[in-house]
Amino acid sequence: MSLNYIKNFYEGCVKPPTVIGQFHTLFFGSIRMFFLGVLGFAVYGNEALHFSCDPDRREINLFCYNQFRPITPQVSFSVFWALQLVIVLVPGATFHLYAAFKSISQECILQKPIYTVVYIVSVLVRISLEVISFWLQIHLFGFQVTPLYLCDAGSLGGKFTIIKCMVPDHFEKTIFLIAMYTFTVITMVLCVAEVFEIIFRRLCFLIKQ
């Protein structure tokens, strides 16, 4: 694998042929990943330590927390959104890998019809993956984290069957979820706008010809 091949692939990923695509790379690669990696851990990192129930006993807190979070939040949240980030990047990376292998310049992508169509298809696949991710986010996490959780503690054998538990930082978690949904919507809007930019620039190129 030549250095020129690697260089072309890197430039294609970092500097797509469209202005909106370049902004999408900046937004997607920097802001979204920073928000997930830094703020996501800050919001969910110590949730188990501050999860408390009434009566406030360690074994009850632990039992109800495991019921509230069958999978630890660090695993369920971070893995899901990390997979989302990687999967959504695959269509564009695949196209730029092919373009680098064929030594296709960024200018040729918008000048030759076949390259333009393939690039648009890669963007449409990216949109489809974002839509699927958005649906899964709603299905798995919902839109709101409630401050009160009712724990079914009947199997503990005590006098309490339903125990009230307080969810820590529920407001911050709700804000975080809404922010992740917002990022997904923004990314989809940018992808749609990129398709229109490609079509517009392609028409401008044909008119000049």
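Placement of Cβ uses the backbone N, Cα and C atoms for every residue, glycine included.
As annotated by TrEMBL, domain 'Connexin cysteine-rich' applies to 129-198.
Annotation source TrEMBL lists transmembrane segment at 25-44 (among others).
If you look up TrEMBL, you'll see 79-101 (among others) marked as transmembrane segment.
TrEMBL lists 113-138 (among others) with the feature transmembrane segment.
Residues 17-21, 23-24, 27-28, 31-32, 35-36, 39-40, 43-44, 81, 88, 110, 116, 119-120, 123-124, 126-127, 130-131, 133-134, 137-138, 141-145 of the same chain lie 6+ residues outside the transmembrane segment (175-200) yet bring a C-beta within less than 8 angstroms of a C-beta in it. Residues annotated as transmembrane segment in TrEMBL: 175-200 (among others).
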What else in the chain is close to the transmembrane segment (113-138), if you only count residues 6 or more beyond its ends and a Cβ gap under 8 Å?
17, 80, 84, 87-88, 90-92, 94-95, 98-99, 104, 177, 180-181, 184-185, 187-188, 191-192, 194-195, 198-199, 202
Mean per-residue pLDDT computed across the domain 'Connexin cysteine-rich' (129-198):
84
